[in-house]
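Let me begin by presenting the structure, written as structure tokens, before commenting on it.
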Amino acid sequence: MGPAVAWEERRTLVLVNLASIMERADEALLPAVYREVGAALHATPTGLGALTLYRSIVQAACYPLAAYAASRHNRAHVIAVGAFLWAAATFLVAISETFLQVAISRGLNGIGLALVIPAVQSLVADSTDDDHRGTAFGWLQLTSSIGSIIGGFSALLLAPTTIFGVEGWRFAFHLVAAISVVVGALVWFFAVDPNFRTDVASAAEKRSAWDEARELLREAKSVIQIPTFQIFVAQGVSGSFPWSAMSFLSMWLELIGFSHGDTAVYMTMFSVATSLGGLLGGKMGDALARRYPNAGRIVLSQISAGSAVPLAGILLLGLPDDPSTGLAHGLVLFVMGLIISWNAAATNR
């Protein structure tokens, strides 16, 4: 590998991680300002939760298209297009005046997010070998969590303010949308997909859309028939419930008496813990996979998933709903984030 190729790979990985940071920042915005959005749009907690549901439904429906785009086209360009789409949707949320407008904008946001995630993960996977793949995805989770920290912390601090006559939570959406456009442009012009070849793309263009669809369905069927994949999906469906519920964590902390500043600190602690937990889980997964190839990663995931129940019980039921117990809340949030975040880097990816 020559110096030029090595530089291209490093530059691409940096830009891909930047895109992942902004993707997670965008996801963290709305949950961080649920209280302000609910007050501005006269929405109930159920309605606010439905906004995330709408985005998730659209995002899930677009994943087959995203998988096709990532496997057939320049993945750097796919990531850039996804960034432009979610930036546009985020801008629409910022200027929305009704709940319906926000719901439609969040649905459009899911299209951009769906395009980015498969392309980012496949680029990272192609750049690493089996013995270090968990560590690579751990680093991706670490850098991505920086986006959650930046997005959530900034939105919480801006929420009670007014900037140039614009409500703080709206300004936060404008800011993330603008930065996402810049990152998308950088990825489009400077990131390189090492597996994309013009001759391969030209050959694919000669095939009919029906042939492409049949090939995509055939590939999907072969993957779905793998028993291990089926178990991953089953665990992922149930395992996503508590993570979705955690989108209300900021709102819950504020409702039991914590200030915006305290909530921002605790949410930042939780995000830092999950990012470090991803890296820790990836490294432990690699080590256990070398020692126990058929069971190491699975056992680690079982420990991580199983620990979520008692830790969540302590947080929600064991601790009093009193802001004077902030130290205890922060400690439990940090420990929980550190342990329950192993699965993605260690096993699932």
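These residue numbers are counts, starting from 1, taken along the chain as shown.
Here the Cβ of each residue, glycine as well, is placed from N, Cα and C on the backbone.
Residues annotated as domain 'Major facilitator superfamily (MFS) profile' in TrEMBL: 12-349. According to TrEMBL, the transmembrane segment annotation covers 76-95, 107-124, 136-159, 171-191, 263-282, 303-320, 326-345.
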Item to check | Maximum Cβ pairs under 8 Å to the transmembrane segment (326-345) - stretch from the list 136-159, 171-191, 263-282, 303-320 | outcome: 263-282
Checklist outcome for this item: If one takes Cβ-Cβ under 8 Å and requires six or more residues beyond its ends, the residues near the transmembrane segment (76-95) are 12, 15-16, 19, 22-23, 26, 29-30, 66, 69-70, 101-102, 104-106, 108-109, 111-116, 119-120, 123, 170-171, 173-174, 176-178, 180-181, 183-185, 187-188, 191-193, 196
Item to check | Distant-in-sequence neighbours of the transmembrane segment (136-159), which means Cβ under 8 A and at least six residues beyond its ends | outcome: 17, 20-29, 31-33, 35-36, 120-121, 124-125, 127-128, 168-169, 171-172, 175-176, 250, 260-261, 263-264, 267-268, 271-272, 274-276, 278-283, 341, 344-346, 349
Item to check | Integer average pLDDT (0 to 100) for the domain 'Major facilitator superfamily (MFS) profile' (12-349) | outcome: 83
